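Undergrad: These came from Swiss-Prot, pasted as-is:
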type    : residues                            : note
BINDING : His26, His55, Glu59, Asp113         : Fe cation 1 binding site
BINDING : Glu59, His75, His79, His108, Asp113 : Fe cation 2 binding site
Amino acid sequence: MGFEIPEPYKWDESFQVFYEKLDEEHKQIFNAIFALCGGNNADNLKSLVDVTANHFADEEAMMKASGSYGDFDSHKKKHEDFLAVIRGLGAPVPQDKINYAKEWLVNHIKGTDFGYKGKL
C-alpha cells in the first residue's frame, strides 16, 4: 500500500524535502505528469523525461557530494528503473502508465527521498 495520490495531481508542502532546488524540481515533475494528463502527446512525454532525468542527475550529485547519504546505490537504481519505463513509452501514453508515473513519484518522494532529509 502506498501513499495517497493527490487530486488534483499537484505538489504540495507534504512533499517538501527542504532542499529548495530539489523541491522545485519535484514540482516540475508533478507539473509534467499533470500536463501529460491534459495533453497526451510526444512533446509532453519528452518534457516529463527531460525534467525527470535532470532532477535525478541533480539529486544524485547532491547525495554523492554530501558523503553522508548511505543508500545511494539503491536510490540511484530506483531512478534508473523509472527512467527506463518512461523512456520506453510512446505517445499517446496509456492511462495505466500515467497512473504508474503518478503513484511512483508520490511514493518515491515520501518513501525514498524523505530518507535524505537533513543529510545533504
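The backbone N, Cα and C atoms fix where each Cβ goes, and this holds for glycine too.
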Undergrad: Rounded to a whole number, how many Å is the Cα of His79 (Fe cation 2 binding site) away from the Cα of His55 (Fe cation 1 binding site)?
TA: 10
Undergrad: Return only the integer: C-alpha distance in Å from His75 (Fe cation 2 binding site) to His55 (Fe cation 1 binding site).
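TA: Distance (Cα to Cα, whole Å): 13 Å.
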Undergrad: Could you tally the C-beta atoms, other than its own, that fall within 10 angstroms of the C-beta of His79 (Fe cation 2 binding site)?
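TA: So the Cβ neighbour count for His79 (Fe cation 2 binding site) comes to 18.
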Undergrad: Where's the emptiest Cβ shell within 10 Å among the binding-site residues Glu59, Asp113?
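TA: Each of the binding-site residues Glu59, Asp113 was scored by Cβ atoms within 10 Å; lowest is Asp113.
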Undergrad: Show, in sequence order, which residues other than His26, His55, Glu59, Asp113 on the same chain lie with their Cβ within 8 Å of the centre of the Cβ atoms of the Fe cation 1 site.
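TA: Surrounding the site, in chain order, are Val17, Leu22, Glu25, Ile29, Phe56, Asp58, Ile109.
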Undergrad: For the recorded Fe cation 2 site, whose residues are Glu59, His75, His79, His108, Asp113, find every other residue on that chain with a C-beta no more than 8 angstroms from the centre of their C-beta atoms, and list them by sequence position.
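TA: Other same-chain residues with Cβ inside the cutoff are Phe56, Glu60, Lys76, Lys78, Ile109, Thr112.
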